[in-house]
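Asker: Please read through the structure below; I'll follow up with questions.
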Amino acid sequence: MSGREGRVADLESGSIAFGAASTAPSTIVPGSNVSMDVDVDISQTRKSSTINDNLGGGAVDVDIGSEKLVKCPTSIAVIEEKIQLKQEEEDEEWESDPANARNWSTHRKWISMAVVALYTLIPPLASSMMSPGLPELAEKFDIHSSTILAMTLTVFLISLALGPLILAPLSEMYGRTWILHVGNLLSIVFNLSCAFAPNTAALIAFRFLCGLSGGAPIAIGGGTVSDLFAPRERAVAMGMFNLGPLLGPAIGPVAGGYITQTVGIKWVFIVIAIFCAVGSVIGIPLLRETYAPVIRMRKAQREGNEQKAARAHPMLIQARGNMTKILWINLTRPLEMLFGSFICFIMSLFMAFIYGIYYLMFSTFANLFSDTYGFGPGAGGLAYIGLGVGFILSTVWGARGADALYKYLADRNGGKGKPEMRIPSMLIGSLLVPIGLFWYGWSAQARIHWIMPIIGTAIFGFGMMTVFLPITLYLVDAFKFAASALAAASVFRSILGFAFPLFGDQMYKVLGEGPGNSMLAGLAIVLGIPFPIWIYYRGEAMRARNPMTR
């Protein structure tokens with residue numbers, strides 16, 4: 001659609017406001033080069049508007065309610081220019097507006113970021129905290145199938161994949177804050193339901209609902225980072241956001257092992273519900289809306305300027321007239337990004353593959369360290385510490401290193417940063433992931449001292465975090481709708497996180513720990529080295545051809 005046709009369509013839908021408010025539109029004489037101020041009051045959406053454009057040089061008839069205006073094509077260009085100038089003026093004012101989340105004080109930004117990080121930590125913690133108690137769960141509910149037992153753990157990830165598809169686009173319509181709060185409150189209810197589930201089917205159903213509500217911070221947190229921080233300042237905050245989804249599953253089993261051993265698996269879910277409650281007590285009074293279009297719209301509405309409110313957030317105004325259509329467009333956007341952009345697809349695939357291996361480790365650690373090294377449920381949780389150490393070290397080093405490298409490359413480019421400047425730091429992690437897998441697999445195969453496979457998982461964890469951070473930053477920098485882009489990646493990785501543990505035991509029984517992890521390492525090299533290098537050189541040209549990217 002051309003720019004001119006787009007403006008006409010917007011006029012037709014009544015979604016554009018321009019000029020100062022007036023009581024009646026002015027008339028533009030056909031054939032005249034002089035146009036007077038014209039104002040279409042978009043708040044009066046009950047009035048019908050029709051436009052008949054004769055592109056052969058004739059007049060354009062605009063019928064608004066009972067008033068009929070006749071405009072020549074020249075006047076449309078004047079109107080378009082006026083709209084553009086008004087929008088640019090308001091955008092420029094917003095850049096320095098104290099209400100803009102990027103202009104908040106450093107203290108306020110990091111308080112908001114800490115709340116989001118806390119919310120983001122809890123669902124991944126819940127996803128794996130029950131894993132050391134799987135043997136007790138099998139005995140309690142008389143589960144004999146390893147696949148069904150694994151499903152009680154991993155069904156959480158299926159709903160964690162579905163949640164962002166709904167919640168991320170909704171946050172780009174209605175804002176971030178209350179979706180985060182409501183999701184956390186629902187998690188309290190669903191985790192308590194898991195604690196008192198009467199049978200396997202009920203437990204699986206409530207675990208599914210836990211993942212659905214827990215998807216809110218996973219879907220929205222990266223968008224909040226984008227709201228609060230400019231690209232050159234984003235890496236440390238994004239590292240904090242990424243730490244939750246990666247560190248949570250690693251420390252969850254450590255706590256879960258001792259809880260299961262001392263008071264039973266039911267208390268694992270009760271403790272998670274308590275964590276959620278504490279998060280709400282801290283988060284509800286401290287976290288404020290960060291999404292710019294929603295803040296601008298609310299501010300204009302407080303001023304009584306409905307036209308300015310519509311310009312600030314036209315998507316929501318349009319939704320009032322056709323809610324079903326607008327919701328469909330927004331809810332399908334993450335999938336459109338995933339399958340309509342090769343960059344989004346390949347980055348998300350590599351992230352998902354590593355995440356699948358991560359959850360494969362969770363589902364097999366208990367048996368490996370119990371059968372090979374004689375760990376009990378309490379000590380078995382210590383097997384996950386290597387991953388946690390790797391994640392923390394990578395966050396401390398990787399976030400600052402990624403920021404420094406990005407600024408260096410941007411300065412060499414005249415101070416202008418590009419999303420592709422995130423790729424070089426990612427390649428370090430792409431090398432460490434297979435190294436960690438080789439180390440972990442073959443030391444376990446050879447039954448060397450238990451610290452050796454744990455060191456291997458630490459190397460893997462360091463590499464995994466070093467991959468996740470640049471990919472997340474790239475998606476936020478490159479795509480217009482950051483939350484939807486991250487939701488697309490979250491969907492992919494959660495699906496593989498669910499699927500990989502289902503075949504883990506069978507794979508290791510057939511191949512063994514060494515060859516099995518070597519095969520995974522080889523696939524990680526194929527996905528993690530050539531494709532990112534190619535995107536580094538060709539990504540900018542590919543983005544220029546895709547309307548979803550910046």
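Glycine is no exception: its Cβ is also placed from the backbone N, Cα and C atoms.
Please treat TrEMBL annotations as automatic predictions, because they have not gone through curation.
Found this in TrEMBL, in case it helps:
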DOMAIN    112-540  domain 'Major facilitator superfamily (MFS) profile'
TRANSMEM  110-127  transmembrane segment
TRANSMEM  147-167  transmembrane segment
TRANSMEM  179-198  transmembrane segment
TRANSMEM  204-223  transmembrane segment
TRANSMEM  235-259  transmembrane segment
TRANSMEM  265-287  transmembrane segment
TRANSMEM  337-361  transmembrane segment
TRANSMEM  381-402  transmembrane segment
TRANSMEM  423-442  transmembrane segment
TRANSMEM  448-469  transmembrane segment
TRANSMEM  481-500  transmembrane segment
TRANSMEM  520-537  transmembrane segment
Asker: Give me the mean pLDDT over the domain 'Major facilitator superfamily (MFS) profile' (112-540), rounded to a whole number.
Answerer: 86
Asker: When you check the transmembrane segment (110-127) against the transmembrane segment (520-537), do you get at least 3 Cβ pairs under 8 Å, counting only pairs 6 or more apart in sequence?
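Answerer: They are not in contact.
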Asker: Under a Cβ pair cut-off of under 8 Å, which of the recorded stretches 337-361, 381-402, 448-469, 481-500 contacts the transmembrane segment (520-537) most often?
Answerer: 337-361
Asker: Other than its close neighbours in sequence, what residues sit by the transmembrane segment (204-223), given a CB gap under 8 Å and a spacing of at least six beyond its ends?
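Answerer: Same-chain contacts beyond the ends: 116-117, 119-120, 122-124, 126-127, 151-152, 155-164, 167-168, 171-172, 176, 179-180, 182-184, 186-187, 190-191, 193-194, 197, 238, 241, 244-245, 291, 472, 475-476, 482-483, 486-487, 490.
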Asker: With pairs fewer than 6 apart in sequence excluded, do the transmembrane segment (481-500) and the transmembrane segment (265-287) have three or more C-beta pairs that lie under 8 Å?
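Answerer: Contact between the transmembrane segment (481-500) and the transmembrane segment (265-287): absent, because fewer than 3 Cβ pairs are under 8 Å.
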Asker: Excluding the flanking five residues on each side, which residues at least 6 beyond the ends of the transmembrane segment (147-167) place their CB within less than 8 Å of a CB in that stretch?
Answerer: 123, 126-128, 130-131, 134, 137-138, 179, 183, 200, 203-204, 207-216, 218-220, 331, 334-335, 359, 362-363, 486-487, 490-495, 497-499, 501-502, 504
Asker: At an 8 Å Cβ cut-off, counting only pairs 6 or more apart in sequence, do the transmembrane segment (337-361) and the transmembrane segment (179-198) clear the bar of 3 or more pairs?
Answerer: no
Asker: Would you confirm whether the transmembrane segment (235-259) and the transmembrane segment (448-469) meet the contact rule of 3 or more C-beta pairs below 8 angstroms, pairs 6 or more apart in sequence?
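Answerer: Answer yes, regions in contact.
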Asker: Counting only residues 6+ away from its ends, which parts of the chain sit with a Cβ under 8 Å from the transmembrane segment (448-469)?
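Answerer: Sequence-distant neighbours of the transmembrane segment (448-469): 235, 238-239, 242-243, 246, 250, 350-351, 354, 357-358, 361, 368-369, 372-373, 375, 383-391, 393-395, 398-399, 402, 425-426, 428-433, 435-441, 528.
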Asker: May I ask for the residues of the chain that lie six or more residues beyond the transmembrane segment (481-500) and have a Cβ under 8 Å from a Cβ within it?
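Answerer: Same-chain contacts beyond the flanks: 154-155, 157-158, 160-162, 164-165, 167-169, 171-172, 176, 215, 218-220, 222-223, 226, 330, 333-335, 337-338, 344, 347-349, 351-353, 355-360, 363, 471-472, 475, 548.
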